[in-house]
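Asker: My structure is below; once you've seen it, I'll send some questions.
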Protein chains: 2
Amino acid sequence: MGVFDTDGTDASGHEQVVFCQDRQTGLKAIIGIYSTALGPALGGTRFYPYASEAAALADVLKLSRGMAYKNALAGLDLGGGKAVIWGDPARAKSEGLLRAYGRFVESLAGRYYTACDVGTYVPDMDVIARETRYVTGRSVEHGGAGDSSVLTAWGVFQGMRAAAEHAWGAPTLAGRTVGIAGLGKVGKYLAGHLVEDGATVVATDVNEAALAWARNTHPQIRLVADTHELITSDIDVYAPCALGGALDDDTVPILRAKVVAGGANNQLAHPGIEKSLAERGILYTPDYVVNAGGVIQVADEIEGFNFERAKLRATGIFETTSRILRLADDEGVSPAVAADRLAEQRMAEVGRLRSIYLG
Amino acid sequence: MGVFDTDGTDASGHEQVVFCQDRQTGLKAIIGIYSTALGPALGGTRFYPYASEAAALADVLKLSRGMAYKNALAGLDLGGGKAVIWGDPARAKSEGLLRAYGRFVESLAGRYYTACDVGTYVPDMDVIARETRYVTGRSVEHGGAGDSSVLTAWGVFQGMRAAAEHAWGAPTLAGRTVGIAGLGKVGKYLAGHLVEDGATVVATDVNEAALAWARNTHPQIRLVADTHELITSDIDVYAPCALGGALDDDTVPILRAKVVAGGANNQLAHPGIEKSLAERGILYTPDYVVNAGGVIQVADEIEGFNFERAKLRATGIFETTSRILRLADDEGVSPAVAADRLAEQRMAEVGRLRSIYLG
C-alpha cells in the first residue's frame, strides 16, 4: 500500500506522512498528519510490534485520520495526527530511542503534538519532552493534565444525556437503566456520574478488583456475569467501555438497549454495522464524539492545563451529540455519517478562514 | 518496497522520509533526508511523471543517499537530501502546487534545503521561495548563484588535473588529449579550461548548435561523429559530460583513455563496472566527486552567494580527488569504493562533534 490518495477514494488523503529512523537507537517511527486545517495535528504515539512496515503504515494512516475527525468535533483548534513506533516496547524502549523520536517530533516545528497511546505512558512523554516542546500527556509535575479518563467519562456522560433527550425527551438518565461493559477507569467514573444522576446501573467486568470496587463504592450497582448477560438484560442504554468492536453481527441483533453511548474506541466492528443498529431502532452516539473528553483534557496542556476550562469544553459534547443526532434525523443518515459530515464541514469552514490575511 | 532499513543491508537507512500531499493543487511530493550528520540536507527537487509511488520512492531514496556522499566529499557542512514531485511538470506545475510544496519544505524548519533538478528550474525556485527560506538555485536577482555549470566544469577540471598527476606525475593536461562527450553547458566550460591548459581537445555532440559553438569559439577542437569514434580515438582522458551510464559493458572494453573524469551523473552503468575499469588499468575519478562544483556553487547561496568563495571550494576538488586516488592505491580498492569510505568517515567524524556541548 502507498501513502498517496491515487485512486480518488480519499482512503489515504493525508497531508504529510513522516518516516523517521535512527539506526543507533533502533528507532523506526511514522508520524501521520491527516490534516492541519484546524491547527497543529494532535494524536498519541502508539508503540507496537507490527508484523510489517506496511501494517505500521496502515495503522498510522487510519488512526491519524480518525484523530482529525475527533479533534474537529471536540471543538479543538487542532488537526488530526498520530504516530507509531514500530517495535516491541518491552524490549526496544529506551531513553535514547524516545529522545531520538522526540527530536523528529521537534523537527516538524509544531505541526504535530504527541501524547500517550497504546505502549506509551506519562513517564515516556516526560522523556520525549526533553527533546521537543510538542508533547502533551505529561506528568502533573510537568504541567500535565493527569488521568484523562476523568474527562473521558464526563464527556461520555454528556453524550449519553444528549441521546437520552433525543430518545425520551429529557436530558437525564434518571429512571433509566444503563449497562456498562467494563469498569476500568472510564467505566468507574461514568458509573459515578450515572448513580448521581439517578440512573440504575448494571455492570460487568472480567477483573475481580473492579467488581470489588463497585461493591464497595456503589453497592446499588447490579453486577452481571458477562457482556452477553449485560446486553440481553432489560437496559435502556448500553455503554461499551472496554475493548473495541463491541457492536458486531452477534451483539447488535440481541441488544435490548435503545441507546448506545460508551467510552470504548472503534465500537463498530465493521462498516455497515451502524445500519444494523439503525434498522433495530437503536440510537448510536458515535464513539469518537462522546469519548473525546480525554483528548480535550490532554490538549488543554498546550494552553497550560486548567481543569475547569477543559471540563467546560468536555461538557460541550452534550451539544455536539445533540447536533449530530438532529442532523442524522434531518438528513436521513446514521449518526456516524452525520458526525463525519459535521467534522468535514468544520475542517473546511474554519480551515478556509486562514485565507483572510492577518500577517 | 519500504522506507526502513529492516534487513540491515543499509539499502534504505534514511533518517527521514516525508510524504507531502495537497489535494487541492494535486501535489504529491516525497522529501528524502538520508543524513543530517554534517548539517541540513541539501538536494534538488525532481519533478517527474513516475510510473508509480514505489518508483518515486525508490528514486528519492537513491538520490538523497547520493547527495549525502556528494555533499560530504564536497567539504560542505550539509547533509544529503533530495525531493521528488510525482507528476508531469508540463501539465501539473502551477504556482499553487509549487507553493504548497514550499510550505512542506518550510515545515521541516531548515532540515532540508531544496534546489533545481530535472523538471524544475530557477523560476520555480523563486516561486517555492515565496513560502520557504530553505531554497537555493534561485535567480541572480534574488541572491542566486547563477548558472551552476560554471563551477561544475571548474571542479571537473580540477579532478582531471588530480588524476593527471596521479597517472603521469604532473597536475596538468598540457600535452594530453582529452575527449569530451557532450558540449552542453558543462562540456563547453570544461573545453575552455582544457584549451587554456594546453590540452588537445576532441569532442562530440548530437546538437548542431553546440558543434557550431565549438567551431567558432575553439577552432582547434577536433570534432568527431559520435561517442564511439570519440572513445576509440587516441585520447588520454575521457570526459563524459552528457547522459548517465557512459561507462558500460560495451564502452569500457574499447575505451582507449587512461583516465576518466567528466561532469555527467551516474557514469557507471551498473555496480561492478568500476572493476572492469580497474582491470583495464583505467583511472576512474568518481563522478559525484568531480562534478560537485555545481552543488558547491548553489550551496554557497545559503551564506549569501560569493563566487570567489565558491570557486575556492570547488578548487578543493583537486585535493579531494588526489586523496581518493591515493587511498584507493593504499587500500587496494577502486576509487569509487575509496570515495564512499572517505565520505562515510567524514559524516561519522564530523557528525560526532555535536556531542561536544556548545549550547
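Using N, Cα and C of the backbone, Cβ positions are placed for all residues, glycine too.
Dumping what TrEMBL says about this protein:
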type	residues	note
ACT_SITE	A:Lys82	active site, proton donor/acceptor
BINDING	A:Gly182, A:Leu183, A:Gly184, A:Lys185, A:Val186, A:Gly187	NAD(+) binding site
Asker: By the count of other Cβ atoms within 10 Å, pick out the sparsest of the binding-site residues A:Gly182, A:Gly184, A:Gly187.
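Answerer: Selected from the binding-site residues A:Gly182, A:Gly184, A:Gly187 on minimum Cβ neighbours within 10 Å: A:Gly184.
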Asker: With an 8 Å cut-off on Cβ distance to the A:Gly182, A:Leu183, A:Gly184, A:Lys185, A:Val186, A:Gly187 Cβ center, who else from the chain surrounds the NAD(+) site?
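Answerer: Filtered neighbour residues, in order: A:Ser149, A:Ile180, A:Lys188, A:Tyr189, A:Leu190, A:Asp205, A:Ala210, A:Cys241, A:Ala242, A:Gly263.
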Asker: What Cα-Cα separation, expressed in whole Å, is found between A:Val186 (NAD(+) binding site) and A:Lys82 (active site, proton donor/acceptor)?
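Answerer: Spelling it out, the Cα of A:Val186 (NAD(+) binding site) and the Cα of A:Lys82 (active site, proton donor/acceptor) are 22 Å apart.
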Asker: According to DSSP, folded down to helix, strand and coil, what is A:Gly184 (NAD(+) binding site)?
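Answerer: Going by the DSSP assignment, A:Gly184 (NAD(+) binding site) belongs to neither helix nor strand, so it counts as coil.
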Asker: Select the most exposed residue of A:Lys82, A:Lys185, where exposure means the fewest other Cβ atoms within 10 Å, treating these as the recorded positions.
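Answerer: Candidates: the recorded positions A:Lys82, A:Lys185. Fewest Cβ atoms within 10 Å: A:Lys185.
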Asker: Long-range neighbours only, meaning 6 or more apart in sequence with Cβ under 8 Å: which ones does A:Leu183 (NAD(+) binding site) have?
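Answerer: A:Ala191, A:Ala203, A:Thr204, A:Asp205, A:Asn207, A:Ala210, A:Leu211, A:Trp213, A:Ala214, A:Cys241 - these are the non-local Cβ neighbours of A:Leu183 (NAD(+) binding site), listed in sequence order.
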Asker: Going by DSSP, is A:Lys82 (active site, proton donor/acceptor) sitting in a helix, a strand, or coil?
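Answerer: Its secondary structure by DSSP: strand.
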